[in-house]
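A.B. asks: Just passing along the structure, written as structure tokens.
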């Protein structure tokens, strides 16, 4: 198997996991020996354009026995996923085959087109009239060489009025989508404050933290909407990406904290946390710091950096660990309630609490499964024109999860889960005897 085969697969796989913004990008490549560098993926309409400017290009030999490479064996090209398999077959059949010679690629230019040294530069714009999702690659088919250069890319589609749209064809709806969900969470936040104000006697500290969660989610969405809007219109985020990452970090940390605290029953069932519950928070919060750091690196750099795939792997691993960790407090609470129900004589109340936490357990599992597995499947199978559907599905699932969670633990004076009904006490005792009903 050619060593070009693995970079192709890994880069294209993780570029599917991460929706990189196709804004105007300027970057510097220093002494890079990789045979293939993926810059970005972009969904073109029939009025697509790619503008590439390279300067200060230099090719260095890594060995004194290496001959000067042919300039035509280094260059940029576009590749769509339909042609990927054919290119991989060509590489496997002939390990010395240069992808720039393939008939299945859209070759942009090679180093043969560069201006003479010392400038060694090139600047050109290419129309893309065949609608599809393309990946922009740089190929170095000269072994034992390293490449240094400054690269500026500008990829966009032209709208019907002639204006530039720097968002991929499947993401151009995202500014409006995020703004709609921002309004939804803002209304939700106001309604939650109203509910808490009207039920002061049942208000707990956890309800205040839940209000903070809604506010952070709303701010995160409005920053995402503005970020995408400015990228769409100008190709640059104008600082909104910084605010987006700040509120995303706060929102994710608060979300996992709220789930853990609700799972432990903190503030409304007990005023303190046990040592093992504190340890879960001490594990989850630092891991979320690492996950958000990886998210920033993934979003603000791109697949052209050498460790981009590694950062993707770190993000996925940390996210899986955090998702598993937040389940434990809920399981502990369910087991604790089952044990308590055998001794305290309050069958109806314990049955209500046990039912509540079992339902919460199912809701959390469903939320994590949908946002991690189903959303990824949608991103993978959806046509490039409908990439926004996965974002819509993820935000819809998140809003539904928030609504259900907030409704289950709302601050009302006579919450149906905590009402003692003497007529139901005998039935509750019978239900609690059935241990298998509450097995996880």
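The backbone N, Cα and C atoms fix where each Cβ goes, glycine too.
Just so it is clear, the model here is predicted, and its values are computed rather than measured.
So TrEMBL says this about it:
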DOMAIN    25-157  domain 'CAND6/7 N-terminal'
DOMAIN    175-415  domain 'GOST seven transmembrane'
SIGNAL    1-22  signal peptide
TRANSMEM  174-194  transmembrane segment
TRANSMEM  206-222  transmembrane segment
TRANSMEM  242-268  transmembrane segment
TRANSMEM  280-299  transmembrane segment
TRANSMEM  311-332  transmembrane segment
TRANSMEM  360-382  transmembrane segment
A.B. asks: State the residues, same chain only, that lie 6 or more residues beyond the ends of the transmembrane segment (206-222) and have a CB under 8 A from a CB inside it; answer 'none' if no residue qualifies.
C.D. replies: 178-179, 181-182, 185-186, 188-189, 192-193, 196, 243-244, 247-248, 250-251, 254-255, 257-258, 261-262, 266-268, 395, 398, 402, 406, 409, 411
A.B. asks: Near the transmembrane segment (311-332), which residues from the same chain, at least 6 beyond its ends, have a CB less than 8 A from one of its CBs?
C.D. replies: 14, 17-18, 256, 259-260, 263-264, 276-277, 280, 283-284, 287-288, 290-291, 294-295, 297-298, 357, 360-361, 364-365, 368, 372, 440
A.B. asks: Where DSSP helix means H, G or I and strand means E or B, what are the helix, strand and coil counts for the domain 'CAND6/7 N-terminal' (25-157)?
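C.D. replies: Going through the domain 'CAND6/7 N-terminal' (25-157) residue by residue, I get 22 helix, 72 strand, 39 coil.
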